[in-house]
Protein chains: 2
Amino acid sequence: MTSTFPSPIADKSKNEEGAVFAPRFDASGLITAVVTDAGDGTLLMVAHMNEEALRLTLDTGIAHYWSRSRKALWKKGETSGNLQTITEIRTDCDQDAIWLKVKVAGDGPTCHTGRRSCFYRTISLGDGKAVLIKE
Amino acid sequence: MTSTFPSPIADKSKNEEGAVFAPRFDASGLITAVVTDAGDGTLLMVAHMNEEALRLTLDTGIAHYWSRSRKALWKKGETSGNLQTITEIRTDCDQDAIWLKVKVAGDGPTCHTGRRSCFYRTISLGDGKAVLIKE
């Protein structure tokens with residue numbers, strides 16, 4: 001692995017307009033990663049990365065995350081074969097989120113339930129009570 | 001406001017396949033919200049909601065967030081006029097993230113820097129060093 005990332009940039013303008021990638025990990029050492037399909041833009045999943053996962057993602061071009069439930073580094077698709085190859089990575093204005101555009105290998109599902117996307121339920125409001133409706 | 005949300009569902013299958021919306025807020029009481037344009041699907045921003053913000057979003061159809069930097073409820077666009085009207089809300093398999101599809105009012109920018117999206121910089125790798133490139 002190459003060296004770690006620079007510390008978050010305190011100067012707001014430099015952080016927002018500069019060329020230095022200095023990701024801002026939260027109090028738990030994590031940064032949010034939004035993952036969309038490089039082909040049609042579908043939102044596939046939201047996950048988290050610690051510094052090692054982000055470093056590995058940048059170094060290998062394959063998405064790595066930090067599993068909060070398993071408390072372990074997580075090379076997405078290592079077991080299922082549905083690895084995510086990065087086509088583009090972006091960060092946002094305050095550098096506390098990452099957007100990955102990916103191509104999913106294998107038979108395609110990203111969600112562990114077997115679905116293509118983890119976002120397979122809409123929230124519907126009726127009588128002030130939110131109900132989930134599957135696609 | 002209507003009542004609060006049910007507690008997170010411990011049973012994995014019920015949580016993933018059921019119709020009860022029981023959002024899983026993190027240790028800070030927040031849930032991640034991914035915000036895309038209802039028209040062309042562009043990722044506009046990533047933000048966070050506390051229970052009140054999520055409740056207000058569902059009740060009014062206008063996106064509300066929790067500003068981590070200001071530690072305050074944040075009705076997005078209240079000052080700028082660029083309010084976000086929800087066309088669809090989804091949650092993910094484990095109910096710890098929200099996806100909002102929104103129509104942005106006014107002159108359109110979502111990012112406080114004046115850009116349409118907060119994700120205006122790609123991360124480019126050169127000699128193992130990540131560099132940000134503006135659109």
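Every residue, even glycine, has its Cβ placed from backbone N, Cα and C.
Whatever TrEMBL says is automated annotation, not expert-curated.
Marked as Mg(2+) binding site by TrEMBL: A:D92, A:D94, A:D96. Residues or ranges marked as Zn(2+) binding site in TrEMBL: A:C93, A:C111, A:C118. Per TrEMBL, the feature domain 'Phosphoribosyl-AMP cyclohydrolase' maps to A:45-120.
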Mean of the pLDDT scores, which run from 0 to 100, over the domain 'Phosphoribosyl-AMP cyclohydrolase' (A:45-120): 95
Tally of residues which DSSP labels helix, strand or coil - the domain 'Phosphoribosyl-AMP cyclohydrolase' (A:45-120): 10 helix, 30 strand, 36 coil
In the chain carrying A:C93 (Zn(2+) binding site), residues 6 or more apart in sequence that have Cβ under 8 angstroms from it: A:N15, A:E16
Least Cβ-crowded entry, counting other Cβ within 10 Å, from the binding-site residues listed as A:C111, A:C118: A:C111
Inter-residue Cα distance where the pair is A:C111 (Zn(2+) binding site) and A:D94 (Mg(2+) binding site), in Å: 28
